[in-house]
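Annotated in TrEMBL:
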type     : residues : note
DOMAIN   : 145-197  : domain 'PAS'
COMPBIAS : 513-527  : compositional bias 'Pro residues'
COMPBIAS : 528-542  : compositional bias 'Low complexity'
DOMAIN   : 548-664  : domain 'Response regulatory'
MOD_RES  : ASP602   : 4-aspartylphosphate
Amino acid sequence: MSDRHEEIARCLFRESNDALFIFDPRDHRVIDANPAALRLSGFDRKPLLQMKVWDLFRGVEPGVIDQLIEAYQISWFYHSREGLSLNRAVGTPIPVNVTVSRIHTRPDPLGLVVARDISDRKRAQEALDRFFRMAPDLFAIVRPDPDAPRFTRLNPSWEASLGFRPDELVATSAIDVVHHDDRPAAEAAFASLRSGRELNGLELRLRHRDGSHRWLAVNAVLADGLIYLVGRDVTETKRLTALRRAMERTELASRAKSELLRDLGHELRTPLAAILEYAEHLIRAETQPTPPPEGFSRLDALRTVRRNARYLIRLLNDLLDLARLESGTMRIDLAECQVGELLAQVVDLLAAQARARGLVLSLEYRTPIPPTIRTDALRLRQILINLVSNAIKFTQVGSVRVEASLDESSTDRPLLVVDVRDTGVGMGPDVIARLFEPFYRGSAVGADGAGLGLALSQRMAGLLGGRIAVQSEPGRGSRFSLSLPTGPLGTAHRQEKPPDSGFDSAEWSTLEPAPPRPDPPPKPPATVPGAASKAPALASPAAPARPRLLLADDNHDLRRALTLRLRRSGIEVVDVDDGRRVLEEAGRARDDGRPFDLVLLDVRMTGMDGPEAARQLRARGFRMPILALTASEESDPAEEGLFDGRMVKPIDWEVLRGTIQAHVRGGRPSLDTDPGDTVQ
């Protein structure tokens, strides 16, 4: 060996981290040891060189050293063994991996023992084994064989979960225990693992010994050619989740039913209250010698009764339609429909409503449309009337455009598209998200009606095979897009512009698809300077100033009827239709030195509702009594402490008069009454 090679060998011997022992193969005595051997064994060099190499080791199991010596003596090739430990001068033996080989030296060869400290690895392995045995999760090592992944080791938790002992599953296919319906997902997961991807949170059903199936959430990774798999039994979690969801569905259904009944109560009681109040005024006018209150008109009262009665009929029809849609019993009659003529009829029908609001209502074709489509003409007309009348209702200035086109991007299913565009108030995402819920009316001022039109329209569109989409931004108007399948299109010439409908608005007035807007009310006498002196006085000539009441309700008819009734009884009334105006009028009255004695608030006004107005009144220091005007007989916990009393629609006048008398200035003299005051 050259000097260079000898220097390299000495350097390797000296610097190696493994313990190296050179021994004489004739008597096995140690003749040299490197620094790592001295450090690892704890022996000094001199006593170490007097020891036989095999005395430094002991076998974890009997006969391990004898087997190593025997193998070494038979053949001087490389021999390696685990299951041995290195004795130390002081302390416990160290687990090592031992390798024995021959060094070709002259004149005689020597033996070399290499001892590698595997203490850290042993501790990690023991910790892993302990964790493997005791962990509640299911651990497995899987060999990714080409034909099928096979279990090589499993912990006891598999038996607790699936009923199979680990040894029963070793060498079996990991796919065989998977539920038949989940096997494609399992095979795809193992293929992904073989390509080096990790698996996280895959949920599979695995077969139990008793034939049932358990849900496992599985994570796995490929390392050192093996798949390490961790599974957690989530069967109980799945069961509880399903139970919780069922309970939530039940609660939601119950809540929806309660909300439906509450909303329905509001929509029924409010027009009924107006009808009863005006009927009472008419009875008074016929039976009492006293002149009617200022602003009262028999014709106006009769029209109001008729308007609210028609509204109730429409509400009933809408509710019946909604019930049929929800139960799946609504009939659809598909037939050839003259779509251009139908569009023109709808626009002509609603033209007067648009003109009354100062709006331009137009019909345009963006592309030629077929003369006929196959659909239910009655339901299509109902949808279009709802969409167009809604656009008119929520547009203060500008126009409403109805645009029709044919979408043939899908040749096997052409669509008729009708866009209803307006320049109205627009909507934000939170309103759009709830727009098609029954009875939802958003928060826009003037959102009269029951809030059923869009809910019905969307469901009817679905029944016709179509849908309604919405695009809108606050302050920038809205676009409602109705898309309906046309059915097979013939070769007939397509219409390029809307036809002249040939119908006059009056011919269609009996349909009345949208609630007619009430006549503009005259300015309340109490708000006109000097007008208050014209109202009837209290019964006693010496009575103090009349009580002042602020009334807020967004239903014009009921508000007007109540105002007339209260004025007849000698109360000075200011009426408004929104919670924000309540705050304005209350502040103005206080600034003028004529504060209100009592406030009567409808709890479900659009815009700012009654509870919010009551909160803000209290926050601004107002201490007058506040009564809730509500269509519900049950109080809302959220309204706790806001109101000093509740009046339920339809209003019982005797109860209202008694409540006002009890709250106004500590019980002043009785309000005017006569035999006609009781509602029959």
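We number each residue from 1, going along the chain as drawn.
Keep in mind that glycine also has a Cβ here, set from the backbone N, Cα and C atoms.
Because TrEMBL annotations are produced automatically, they should be read as predictions rather than curated entries.
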For the domain 'PAS' (145-197), residues assigned helix / strand / coil by DSSP: 25 helix, 8 strand, 20 coil
Secondary structure content of the domain 'Response regulatory' (548-664), with strand meaning DSSP E or B: 51 helix, 24 strand, 42 coil
Segment confidence, the domain 'PAS' (145-197), expressed as mean pLDDT: 92
